[in-house]
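Following: one structure in structure tokens, then a few remarks.
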Amino acid sequence: MGDQIKLSAGNADFEYPVLKGSVGPDVIDIRKLYAQTGKFTFDPGFTSTASCESALTYIDGDEGVLLHRGYPIGQLAEHSSFMEVSYLLLNGELPSKSELEKFELTISRHTMLHEQLATFYRGFRRDAHPMAIMCGVVGALSAFYHDSTDISDPEHRKISSHRLIAKMPTIAAMAFKYAVGQPFMYPDNKLSYTGNFLRMTFGVPAEEYEVVPAVEKAMDRIFILHADHEQNASTSTVRLAGSSGANPFACIAAGIACLWGPAHGGANEAALNMLREIGTPDKIPHYIERAKDKNDPFRLMGFGHRVYKNYDPRAAVMQKTVREVFDALKVDDPLFETALRLEEIALNDPYFVEKKLFPNVDFYSGIILSAIGFPTTMFTVLFALARTVGWVAQWNEMISDPGQKIGRPRQLYTGPTQRDYVPLDRR
Ligand code: CMC
């Protein structure tokens, strides 16, 4: 028998098995706790709770490690492509050359959207936030692709996963085009996944669009860095929505809604807005003081992470990518200097040192995306596009698990106890 943890409640002792993963902290299996003790555990924000078993992504927040199916994020960002990482996340192994070609071809065959969806966009205001459009359009996909929503059929799950990964760049580019008032661009499957997305976003029918290889590479790397991140808020949302048997398009729309928040995917937009507000390095001390002031809600956006208590490995790759994009586009942005200086000052300040607050993936991504030409409102959309592969991989993993149950947390009730209804004229 493996390790057990003993819990004393009243006069009785209970033993709970300790489960071991391949790496990382052990977990205490408390599934029988309520039945045996009549008590729940209390863990708001799930800071000490493993909500599921997963073989996809591993994070060691203290060491700054991020692995997808065992492969370090730095190696994947350096040597692979987003399509390769997508295959890896979905299938568990890196593809052979022919497997990758087949996968890319399959994805490219699903890049077009049902033509009726174009009219769907026209129901939104032109100034709608593109994340609002993403929530609506992705949620609506189930109405257009109902032939792949039988979640008990592995073939349906595969097709809907491919559809989601393939259509997300088209949907995101159309959200951009709608805001700027330019015609929607159809996909061009001669291009790579990422090249195609850049053309659909920045190309216009009147002119030939040339994909700049360095920008394509940087964008692809940004997608890799955002592909999956274990049981974060939006992924847990997708799993929770999916646990009721909801169709995959609805589940991913739920993930997009969760990602939108400024503490999660919305942080890249907030980080660049913050850097713009700070402006020049001489203003940094004022903002550092504000971030430290308990009475001021201001936080350094792009700093801190629930899991990383050491440098976010994705931030290091991002910082390097800023220079590559600046060189390729022959641009410079004084905000990069401000960001580097802010990082240096914060990392030497006892407040940030003691709380282990380091730059996260979003601290530098906004600078790159802005140099490429994206407005801040599109930043979280790009995160959603990339994270879709993680969401569908996690969703598939959950649905394929025969022991899967509907997610149903309990609570510590602190409201009034039972009382009698008082008629309106006596209140
Ligand atoms: N600036 C100033 N103080 C901070 C910050 C920050 N960015 N982040 C955390 N703290 C302080 C916080 O005030 C608290 O102090 P105290 O213990 O004195 O009350 C302490 O650090 C712990 O913070 P917490 O909010 O309890 O930690 P958390 O693990 O719940 O939150 C976080 C993690 C990412 C929500 C938070 O660090 C944050 O709000 N950061 C800014 C938003 C951001 O950049 N989010 C992107 C995360 S990475 C991309 C993604 O995964 O979506």
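Each residue, glycine too, has its Cβ placed from N, Cα and C.
Curation plays no part in TrEMBL annotations; they are all automatic predictions.
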Where TrEMBL places region 'Disordered' among the ranges 108-127, 288-307, 408-427: 408-427
Residues of the region 'Disordered' (408-427) by DSSP state, where helix covers H, G and I: 3 helix, 0 strand, 17 coil
Coarse DSSP state, helix versus strand versus coil, of His305 (active site): coil
For Asp362 (active site), the number of other Cβ atoms found within 10 Å of its own Cβ: 28
Cβ packing number for His305 (active site), 10 Å threshold: 23
Per DSSP, three-state class assigned to Asp362 (active site): helix
